Amino acid sequence: MIALVDYGGGNLKSVANAIHALGYEFTLTSDPKEILSAQAVILPGVGAAADTVAGLRAKGLDEAIKELVKRDIPLLAICVGMQVLFDSTEEGGQTKCLGILAGEVKRLPDGVKIPQMGWNQLKQRVSHPLFEGIPDGTDFYFVHSYYASPADRNIIGATTDYGVDFCSLVINKRLIATQFHPEKSGSYGLKLYQNFFKMALGDKK
């Protein structure tokens with residue numbers, strides 16, 4: 001079962017459409033027990049990190065997400081969903097996040113248009129099944145003003161250049177996190193979802 005986390009925010013409709021387009025079934029849920037019984041979990045995100053963290057904590061989902069990472073249940077976190085996995089963010093002053101991944105979320109540098117809104121290149125830093133059928137340098141769709149800076153550089157799966165060469169994708173065991181929106185990134189975005197589901201579920205749908 002695929003669980004799509006509903007914490008009162010996030011890009012649920014677009015993500016749901018992407019899952020359906022690939023022929024998979026999912027459950028939209030805010031129930032921690034249901035999330036921890038899933039075979040794969042998607043944590044979407046749009047808007048402010050502080051609001052996302054507050055929404056997760058209000059429903060007890062922060063602890064559920066920490067636990068599923070401990071249990072090595074496959075997790076795909078998107079955009080702000082990725083950012084809140086880290087220790088803290090500069091957004092809104094200094095906001096404490098979930099602390100699942102060591103590192104800080106920083107504002108994009110002065111000198112570039114903020115937010116970054118549009119297509120940009122993904123430079124693959126590792127060979128991984130997540131990238132199967134996706135050429136290095138493929139463009140994906142971004143909407144963000146902040147980026148994650150992991151303390152452990154070994155978890156950086158891909159980078160993107162926008163005033164700074166930033167981490168745009170994390171691979172840490174079965175935790176995948178993207179700064180870009182795969183569900184808004186056309187056929188290659190769907191391919192990334194498909195690769196994630198294949199890693200998590202095998203050939204089941």
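Note that Cβ sites are derived from N, Cα and C of the backbone, with glycine treated the same way.
Marked as domain 'Glutamine amidotransferase type-1' by Swiss-Prot: 1-205. Per Swiss-Prot, the feature active site, nucleophile maps to C79; the stated evidence is sequence analysis. Annotated active site per Swiss-Prot: H181, E183, in sequence order, evidence recorded as sequence analysis.
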Distance from the residue listed as 'active site, nucleophile' back to E183 (active site), taken between C-alpha atoms, in Å: 11
Inter-residue C-alpha distance, C79 (active site, nucleophile) and H181 (active site) (nearest angstrom): 7
Packing count at the residue listed as 'active site, nucleophile' (other Cβ atoms within 10 Å of its Cβ): 27
Residues that sit under 8 angstroms from H181 (active site) by C-beta distance, when 6+ apart in the chain: N11, S14, I78, C79, F140, Y141, F142, V143, G189
